[in-house]
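Under the heading active site, proton donor, TrEMBL lists Glu158. Taken from TrEMBL, the feature active site, nucleophile covers Glu311. Taken from TrEMBL, the feature substrate binding site covers Arg119, Asn157, Trp319. Here TrEMBL flags 22-387 as domain 'Glycoside hydrolase family 42 N-terminal'. Taken from TrEMBL, the feature domain 'Beta-galactosidase trimerisation' applies to 401-598. Here TrEMBL flags 608-661 as domain 'Beta-galactosidase C-terminal'. Marked as region 'Disordered' by TrEMBL: 1-21.
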Amino acid sequence: MARLDDLTRPPGRPPRLLYGGDYNPEQWPEETWAEDARLMRAAGVTSVTLGVFSWSRIEPTPGAREFGWLDRVMDLMHAHGVGVVLATPTSSPPPWLGRLHPETLPRDEDGRTEWWGSRQHFSHSSEAYRRHAAAITEDLAARYAHHPALTMWHINNEYCTYDWGDGAARTFRSWLKDRHGTLDALNTAWGTDFWGQRYGDWDEVLPPRRAHYLKNPAHVLDFRRYTSDLLLECYRAERDIVRRHTPHLPVTTNFMPFWSGQDGWAWAAEEDVVSVDVYPDPRDPAAGAYNAMIGDLTRSEAGGRPWMVMEQAAGAVNWRTVNHPKPYGLNRLWALQSVARGADAVHYFQWRQSRQGAETFHSAMLGHAGERGRVFRETVRIGEDLAVLGPHVAGSRVTTEIALLHDWNSWWADPGDGALSTRVDHAELVRAWHRALWDAHLPASFAHPHHDLSGHRLVLVPHLHLLDDPAIENLLAYVRGGGTLVCGFLTGIADRDGRVRPGGMDARLRELLGIDLLQEWWPLDEGEHADCGTFRGTLWSEELTPAPGAETVAAYRGGELDGRPAILRTGRAWYVSTLLEPAALSGLLASVAREAGVVPVLDALPEGVEAVRRGDLLFLLHHGGEPVTVPLPGRHRDLLTGTVTEGAVKLDRFGVAVLEEAP
Ligand code: GLA
């Protein structure tokens, strides 16, 4: 199987990191291409992604093939030592496809058509779309399979579409038949006797379209599973075509970061290289922690192997309400932060800022200010840094002893508008727990609840509403085997169909966690706190009766829950029935980690400094605005500057040091 390692550690050559971005030369006159190639070389660019949105250029009329321009770009890149990650252009079909085959256009929940004129206007269920996508993929792969510039395939772009139309209704039914077998089984799984929703004929089963009031959550859960699976079918069809032509080259598709629409575990298993697009908000104080989390998740999806940042922004994006540029140094900091967490390829959207179209105001490696602009200067600097780091870093691993469990099925099973509190947000809870570890300098990975957990000393479940039986057995076996487990509230409430377990929580889990009776859930309003003595709970609280033998580590004080456990422990299994405020959550997880034998990368780091080990190297990353001094015993050499430090390392605003031990 092809891997990123094949590109970053080519036989007979020094290891290297890939650096570059989306290159859209068709938006520019050919005279500009030579300048692009020159500036790419000046910036140390080694890799570009071509052709992401080129379908209408390659096939301007049905069946036409205009490859001449792409041949010239491929040759130019090769002549300048730039490898090409070639995209199948299937995320933006040409207008003629929608005109000739209106069924290729998706429908939204209200039945409205999503027309051409933007992008991603394709229905995963349309046979015509799939046929035309396969044809262009076939011809693209045949034409460039042996081109020396070709290094990797990039299938489609950010698969993120939904379809509630009639074509989707047909494929949804067939997916449901595979899952449930009979209509009776579907009726049982969805609990359709509630509100008289029982189906008597398969043709009555539709995607969960606009309805008068709350939808059936089991119906929505299956629709989300189905959508992820159908998009994955589209990906696989194109992947298999390119693999047939180039079995030796890796294939990827770029994920949106922590995106709810695709089951990242299932998708990553079908990729040779896992890649992600990540756009933290430069004004968000939590952006550094967020970038770290996306790195940890992507590395985990890649099974711990090196992964790829397929897109990030050199400066501002153009899709927030207000889009801020990155102050000098921040782009470099986040790029190197991804490398610290296992990325071996750092790409951007995009190489040259567009002068026309919807993303004219989105930054690029080469902005409107051109080669004299400060954004380009930073592009050059990052290229220099990556060139220095490549031989020391490429292929090395990040090791962790803590796993956070995450599963898209559980995310999809959250009850949505029918929940006791719509303030409970799966993604926010995962972020809060990961952030607590980040604050404590405890490196973590992510895992699926079915994964073998025995390699982790500590397993955390921030929020898994749905846990199927194999997942529960896995957690029990993990603790029996000596592992330490901490579960957040609403863990294991529901089975695989989203049906609430008898007693409000799986009985085996209740026994493990020391809960005799889960009496009532008490969600908290915005601004409302639950006093727990030394800390405050937010968002949620619970009326629990502990089982004999369970230890109440912290109890609610005052109000209805006075004296009830907020945190329970039974041996190595912990249950946390509220969301602790950030410092308290971080403190709790750090102390449980210490007891489980896990210590932070470094103690006593100045505010805003992150420490990560990758292979034998120590990355120090400073997310703050003022210079700091990090105490660090011993002698170290900073690979980025060549300087040797003794006893302490100084970091400027957004400064980074990549340290190896020095004699
Ligand atoms: C996504 C897309 C890119 C571009 C960027 C802008 O990640 O894949 O084509 O639109 O967003 O941030």
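Note: Cβ is positioned from N, Cα and C throughout, glycine not excepted.
Annotated features, which come from TrEMBL, shown on the structure.
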residue	record	Cβ contacts under 8 Å, 6 or more apart
Arg119	substrate binding site	Phe53, Ser91, Ser92
Asn157	substrate binding site	Val52, Phe53, Ala87, Ser91, Ser92, Gln120, Thr253, Asn254
Glu158	active site, proton donor	Ser91, Gln120, Asn254, Phe255, Met256, Asp277
Glu311	active site, nucleophile	Gly21, Asp22, Asn254, Asp277, Val278, Tyr279, His347, Tyr348, Phe349
Trp319	substrate binding site	His362
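Among the recorded positions Arg119, Asn157, Glu311, the residues whose Cβ sits under 6 Å from any atom of ligand 1 are Asn157, Glu311. Per the record's binding annotation for substrate, residues Arg119, Asn157, Trp319 show a top Cα-Cα distance of 17 Å. Apart from the site residues Arg119, Asn157, Trp319, the chain places the Cβ of Ser91, Gln120, Glu158 no farther than 8 Å from the centroid of the site's Cβ atoms, the recorded substrate location.
Restricting the average to the domain 'Glycoside hydrolase family 42 N-terminal' (22-387) gives a pLDDT of 98. In the three-state DSSP classification, the residue listed as 'active site, nucleophile' falls within a strand. Residues in the domain 'Beta-galactosidase C-terminal' (608-661) partition by DSSP class (helix H, G, I; strand E, B; coil) as 0 helix, 37 strand, 17 coil. Break the region 'Disordered' (1-21) down by DSSP state and the numbers are 4 helix, 4 strand, 13 coil. In the three-state DSSP scheme, Asn157 (substrate binding site) falls into the coil class. Secondary structure from DSSP puts Trp319 (substrate binding site) in coil.
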